[in-house]
Amino acid sequence: MTLTDTQLLAWVQQFVWPLIRISALFMIAPVLGARAVSPRIRLLLALLITVVVAPLLPAPPVTALLSADWFSTLLQQLLIGLVAGFVLLLVFEAVVMGGELIAFGMGLGFAQLADPLRGASTPVIGQFLTVMATLLFLALGGHLILIEMIVRSFATLPVGSAGLGIDQMGTLLRFAGIVFSGGLQLALPLVIALLTVNLAMGVVSRSAPTLNLFAVGFPVTLVAGLMLIRAGLPALQEGIVQLLDEAWVLLGALLRL
């Protein structure tokens with residue numbers, strides 16, 4: 001049996017387009033796209049999912065190699081995958097932002113740790129909250145939900161369709177404000193409590209001018225901050241889960257699920 005060039009191209013594109021969309025997701029998605037995860041593992045996982053999913057999808061329209069339609073389809077698959085991962089990445093950036101605000105309130109803004117998920121330095125409190133968010137993400141099956149949603153997107157945004165439009169991208173840009181609003185939402189109770197501690201230390205220093213505020217204030221603020229974080233863990237957990245829920249709702253709307 002001899003395959004024509006058109007049949008061969010159709011067979012290749014049946015696997016290539018899903019692979020590009022899924023690989024784009026794994027490039028940027030939190031946890032799955034972390035720098036600590038080897039690119040080979042990400043590629044193998046994308047290949048495995050593609051091999052399982054591609055035969056079940058409707059045949060995409062055949063486009064000539066390097067034609068305008070080919071480049072348009074390529075960009076659409078990359079965009080869909082990157083947007084799906086970017087939505088969840090914004091939540092983790094909001095968590096880091098909240099951790100930075102808390103760290104500055106505790107006087108730990110100078111204490112930086114290498115973050116393997118982001119590939120950058122993060123204040124120690126931000127690193128702690130990032131680890132907590134990662135564990136919550138995995139415990140709630142976030143990685144499986146993300147893979148399921150990108151697979152289901154082939155039914156709602158099939159290869160060769162118009163894909164994501166201007167309205168969807170505008171919605172995504174508005175959601176990007178969650179980095180600041182979500183981070184402030186997580187950190188605000190602790191920041192206010194730490195501000196109260198600092199005000200109390202200021203009153204004490206006025207009452208006892210001989211007291212070395214720099215020698216006493218930092219340990220007190222540090223201990224108070226750690227105690228407040230311990231007491232506020234349930235609230236922090238609830239806040240992170242709420243941010244993840246908002247991300248799932250938006251992602252479902254963008255992918256038309």
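Note: Cβ is positioned from N, Cα and C throughout, glycine not excepted.
What TrEMBL records for this protein:
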TRANSMEM  15-34  transmembrane segment
TRANSMEM  41-58  transmembrane segment
TRANSMEM  78-103  transmembrane segment
TRANSMEM  124-151  transmembrane segment
TRANSMEM  171-199  transmembrane segment
TRANSMEM  211-233  transmembrane segment
Best-contacting stretch, by C-beta pairs under 8 Å, relative to the transmembrane segment (171-199) and drawn from 15-34, 41-58, 78-103, 124-151: 78-103
Positions whose Cβ lies under 8 angstroms from the transmembrane segment (124-151), at least six residues beyond its ends: 21-22, 25, 29-32, 49, 53, 80-81, 84-85, 88, 91-92, 95-100, 102-103, 106, 108, 111-113, 115, 117-118, 186, 229, 236-237, 240-241, 244, 248, 251-252, 255, 257
Non-local residues, at least 6 beyond the ends, that sit with Cβ under 8 Å of the transmembrane segment (41-58): 14-15, 18-19, 22-23, 26-27, 32-33, 147, 151, 154, 158-159
